[in-house]
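Notes for the one structure printed next.
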Amino acid sequence: MSYLSIRDLDLKGKRVFIRVDFNVPLQKNDQGAMEITSDKRIKASLPTIQYALEHGAAVILASHLGRPKGKPNTEMSLKPVAARLEQVLKVPVKMAPDCVGPEVQAMLPAPGEVLLLENLRFHAEEEKNDPAFAAQLAALCEIYVNDAFGSAHRAHASTEGMVKLVKQAAAGLLMEKELKYLGMATTNPPRPCVAILGGAKVSDKIEVIQNLGKVVDRLLIGGAMAYTFLKAQGLPTGKSLVEDDKVELAKSLLAELGERLMLPVDHVVVSEIAAGAPFEVVDTIPEGKIAVDIGPKTVEAFSKVVAGAKTVIWNGPMGIFEKPPFDQGTVAVAKAVAGSGATSIVGGGDSEKAIKAAGVSDKISHVSTGGGASLEFLAGDTLPGVAALDR
């Protein structure tokens, strides 16, 4: 697949529509107004917006926020985003009352100006990829740039439908970075290449395991999904989370991957999952106990493999990360990945939180901004938002 970068285009004097990911977390403050609790996604879009402005573009920004079910909802307005963007961009940001229609047409920016459209999902046509709605969006601009990797797995009007209707389309700088790192990891990674997968369910990551199994030298599995594999090996799992309907699949994956697949060799177990619950470390999960994290022997074994890697792909926690002290395995893995010196690609909210908790964010090569999109990419799926840029 070949696509253009925003850097390949002449933006001077052109209206450039940038599809960004401003799906930020909001909460009501004491005055009842919605405020942003994390502006990470806004800041992630700044390089592309600044590049467009520096090269003489009139910038139109578009995003969804939340799930307003196809109608306006003041609690999911992008107005707080416009205010925050203006602060961090240090350029005035006009806020449109809608994303299409005569009012928006009347507000179209001049070169050097920024207009933020209202939430795309206030129109049901966005998620339906409605051709007429896509045409209205396309009519706003001359150049289309997709910088919303987190929405690239959706075939919506703003990510796919309108792209065919514009004169030129390209990837933004953030999108380009995502595709560079994830593409390298899944096609031609520096070796040894190690993948670490965690999280609760095998069913969420079957395709990822199968696809990465073709590429990686070692695949380390932690989190609750490991217990389905342990059961497939005939080992006791106590009351740990097991997907019984996936045990046969786990058996076939074990046979296929052989010694390349590594599972936990010890476990942190509890009688009940509760804050402050007493725990013990065991090699074999006893009857009636629930495994909630990988144990120290597993941390050591996983860390040793990671230390010798040239590429590390990590997605998903090693235990019940949100309930300390059962976050220790995940934090230890974060430190191992950061200390490896390998090209490291991390995805998934808990893995990202673990990197922060371990204080090693600056030592990770790339933290993916797309949850579902990065998983689908790792699974080898075609992302509609990326395929639409193919030229």
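Placed from the backbone N, Cα and C atoms, the Cβ positions cover glycine too.
Noted in Swiss-Prot for the protein shown:
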type	residues	note
BINDING	Asp21, Phe22, Asn23, Arg41, His64, Leu65, Gly66, Arg67, Arg121, Arg154	substrate binding site
BINDING	Lys205, Glu322, Gly348, Gly349, Asp350, Ser351	ATP binding site
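Positions of Swiss-Prot features highlighted on the structure.
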{"residue": "Asp21", "record": "substrate binding site", "contacts (Cβ under 8 Å, 6+ apart)": "Arg41, Ala44, Ser45, Ser63, Asp147, Ala148, Phe149, Gly150, Ser151, Thr369, Gly370"}
{"residue": "Asn23", "record": "substrate binding site", "contacts (Cβ under 8 Å, 6+ apart)": "Arg41, Ser63, His64, Leu65, Gly66, Gly150, Ser151"}
{"residue": "Arg121", "record": "substrate binding site", "contacts (Cβ under 8 Å, 6+ apart)": "His64, Leu65, Gly66, Arg67, Pro68, Lys69, Gly70, Met76, Glu127"}
{"residue": "Lys205", "record": "ATP binding site", "contacts (Cβ under 8 Å, 6+ apart)": "Leu197, Gly199, Met225, Asn315, Gly316, Leu375, Ala379"}
{"residue": "Glu322", "record": "ATP binding site", "contacts (Cβ under 8 Å, 6+ apart)": "Asp350"}
{"residue": "Gly348", "record": "ATP binding site", "contacts (Cβ under 8 Å, 6+ apart)": "Gly198, Gly199, Trp314, Asn315, Gly316, Pro317, Gly371, Ser374, Leu375"}
{"residue": "Gly349", "record": "ATP binding site", "contacts (Cβ under 8 Å, 6+ apart)": "Gly371"}
Original post:
If you draw a 10 Å sphere on the Cβ of Gly66 (substrate binding site), how many other Cβ atoms land inside?
Top reply: 15
Original post:
Just counting, how many other CB atoms are there within 10 A of the CB of His64 (substrate binding site)?
Top reply: 26
Original post:
With every protein chain in view, how many other Cβ atoms are within 10 Å of the Cβ of Ser351 (ATP binding site)?
Top reply: 25
